[in-house]
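What TrEMBL says about this one:
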type     : residues                                    : note
BINDING  : GLY46, ALA48, ASN53, SER307, ASN339, LEU404 : Na(+) 1 binding site
BINDING  : VAL49                                       : Na(+) 2 binding site
COMPBIAS : 619-631                                     : compositional bias 'Basic and acidic residues'
COMPBIAS : 633-650                                     : compositional bias 'Polar residues'
DISULFID : CYS151-CYS160                               : disulfide bond
REGION   : 619-650                                     : region 'Disordered'
TRANSMEM : 40-58                                       : transmembrane segment
TRANSMEM : 70-91                                       : transmembrane segment
TRANSMEM : 112-139                                     : transmembrane segment
TRANSMEM : 224-245                                     : transmembrane segment
TRANSMEM : 257-284                                     : transmembrane segment
TRANSMEM : 304-321                                     : transmembrane segment
TRANSMEM : 333-358                                     : transmembrane segment
TRANSMEM : 392-413                                     : transmembrane segment
TRANSMEM : 434-460                                     : transmembrane segment
TRANSMEM : 466-487                                     : transmembrane segment
TRANSMEM : 507-531                                     : transmembrane segment
TRANSMEM : 543-566                                     : transmembrane segment
Amino acid sequence: IGAKCTSGLYIQRNNGAVPGEPVKTDKNSRRGNWGNQIEFILTSVGYAVGLGNVWRFPYLCYRNGGGAFMFPYFIMLVFCGIPLFFLELSFGQFASQGCLGVWRISPMFKGVGYGMMVVSTYIGIYYNVVICIAFYYFFSSMTNLLPWTYCNNPWNTPTCNGVVTPTGINNTLANVTRSLVTGAAEVAVEVVNKTKRTSPSEEYWKHYVLKISDDIGNFGEVRLPILGCLAVSWVVVFLCLIRGVKSSGKVVYFTATFPYVVLTILFIRGITLEGAVTGIKYYLTPQWHKILDAKVWGDAASQIFYSLGCAWGGLITMASYNKFHNNCYRDSIIISITNCATSVYAGFVIFSILGFMAHHLNVDVSEVADHGPGLAFVAYPEALTLLPISPLWSLLFFFMLILLGLGTQFCLLETLVTAIVDEIGTDWIIRNKTVVTGGVAIVGFLLGVPLTTQAGIYWLLLMDNYAASFSLVIISCIMCICIMYVYGHKKYFKDVEMMLGFPPPIFFRVCWRFVSPIIISFILIFTVIQYKPITYNDYVYPGWSLAIGFLMAMSSVTCIPIYALYKISKSEGTTFLERLKNSCKADIKWGPALSEHRIGHYAAPVSEGEVEVRPLKEELKEKEDEKRDEISLTIQGSNGSTAHNTTPSA
């Protein structure tokens, strides 16, 4: 299908977003592109859909009014989530640059890109530790009997009380017998009954897997099994990214889709269990009075913001490998809705099993509901012990967690690697990108070693709560202000129109300029007001550790003013205002990466090192000069040659 030129060449018409334009190569051969758009969508879905969808959203929904929470959640999705997602995708795709290179739009704000890199570094360090623990549980599930089923293990304490009774002996009596040193059995039973119950899964988690210390400063020993699993995690991530998006784009066909297969299997198994309906009712029953609570709206906005991965730099990076005319508007809607639908779906999977467990224990669902590591490594694994063939369900569950984590980890590592490669930009480093990937992976592994010690869980939760909290909100807000008000909303809307073939819908224009920044500001204020010092179960973090947490949070934000001052000092001008103005102006290299896309005011010449130029052969160039007056139409083909047609009907 195409138009035939008199020279005999067939020129395909573009089926993308720009109607009527001849197809150009649209491929950045120097930097690389996705193999196809399915790879980009699956990678972005894998990036956005992570562990938080499974271990945070269902609990938030249950705690904030059940079904009533869905209303503010989807309101925030429409007015904040999707617009910000579209903004970041269009930003990265237009410039074909990572989270540092895109700030040619306004060089003074390049510190925002460095802030994104810092955030991605923190998250990448502790996120892979969570994945390695999932690996550990996955390997531990390869047995006939899950090791956290009973209380008759060396690491169990007298207060352990399992939900499964060993054959031929009452579990409580077994616990009492182990606890007896002297005295009558009746006295010991009374002591055990009055003591708070600890489950075998909780004791397996604390006393065997982590061998948790009593303080964040007491590192103890490195847990070698976890360290080994951490090495496995980083090797897997490195191998999947060994050829950049070319290799990771193939891996995501499995890592982004198979979790849905596992979720569906666990969902079908869960809803067939007795008590599952009770659990789902706890999850969904609307408590409409909670809609008037500001905390509910704050939680909804925060969950949307963090779940979609805004301001991490990953969205900009993934979109930078798109072809220039890809319809990222469509992609942003598909990926955002898929992410939120997955969160809702995961809630059915989690609460059907927890409802069954509550029914078995004859307690309220609220007593077994949990979130975060407590859900993934304590509550849910314990519930799985009640199922027939429990090792099978455990293998499936932890394999799903591994895949969900890897999908996010791929993008975190690629964000850092792409930023480094784009910033240096030499031919050598582009050819040897694998070396950079390996180097970043090794550094990430080494920085993760302290998290495999006996105090590792304390540091992991500290990083989770502080490294990527309010700093992300500040970064996102400054990004909106820079693009919409410093660079100029009219110019950016024209850029998007040039890329997509149509301007951003008016709804998104209003959200980008007004609504989303206001909601982001609301999230920031809410985060500050609702702040409470972090705790882990009954452990209260000391003041010095909280100070370290705040330093981690501020380290990404301080990149912005520090780089801004540096850029102003290096800019041309005799006065501060002149330097400020010049540092805010878009760099001459800002714009599309390929020469054929640089039209209009972007047609100004730039250096060959930054924009890929496909030179014509000398003889064709001379021929073009000789026949310039005869040529009525010139069409550039996909191989860089020039096809000439003397008839206007080509």
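Backbone N, Cα and C atoms are what each Cβ position is placed from, and that goes for glycine too.
Note: TrEMBL annotation is automatic and uncurated.
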Of 40-58, 112-139, 224-245, 466-487, 543-566, whichever stretch has the most CB pairs under 8 A to the transmembrane segment (257-284): 40-58
Stretch among 40-58, 304-321, 392-413 sharing the most Cβ pairs under 8 Å with the transmembrane segment (224-245): 392-413
Ranked first among 112-139, 434-460, 466-487, 543-566 for CB pairs under 8 angstroms with the transmembrane segment (392-413): 112-139
Intrachain residues whose Cβ lies under 8 Å of the transmembrane segment (304-321), provided they are six or more past its termini: 31-34, 40, 43-44, 47-48, 50, 52-53, 56-57, 73, 76-77, 80-81, 84-85, 88-93, 95-99, 101-102, 113, 116-117, 119-120, 123, 245, 328, 336, 339-340, 343, 408, 411-412, 414-415, 418-419, 468, 472-473, 475-476, 479, 520, 523
Stretch-level contact, the transmembrane segment (112-139) and the transmembrane segment (507-531), CB cutoff 8 A, at least 3 pairs: no
Residue from VAL49, CYS151, CYS160 whose C-alpha is spatially nearest that of SER307 (Na(+) 1 binding site), among the recorded positions: VAL49
Alpha-carbon spacing, ASN339 (Na(+) 1 binding site) to VAL49 (Na(+) 2 binding site), which is rounded to whole Å: 5
Neighbours of GLY46, ALA48, ASN53, SER307, ASN339, LEU404 excl. site residues, C-beta within 8 Å of centre, Na(+) 1: VAL45, TYR47, VAL49, GLY50, GLY52, LEU308, GLY309, THR342, SER343, GLY407, THR408
Contact ranking winner - 40-58, 333-358, 434-460, 507-531, 543-566 against the transmembrane segment (466-487), Cβ under 8 Å: 507-531
Chain residues in Cβ proximity to the transmembrane segment (40-58) (below 8 Å; excluding those fewer than six residues from its ends, i.e. six or more beyond): 34, 127, 130, 245, 248-249, 252-253, 255-257, 259, 283, 303, 306-309, 314-315, 318-319, 321-322, 326, 331, 334-336, 338-339, 342-344, 346-347, 349-351, 371-373, 375-376, 400-401, 404-408, 410-411
Cβ packing number for CYS151 (disulfide bond), 10 Å threshold: 26
By Cα-Cα distance, the member of recorded positions CYS151, CYS160, LEU404 nearest the residue listed as 'Na(+) 2 binding site': LEU404
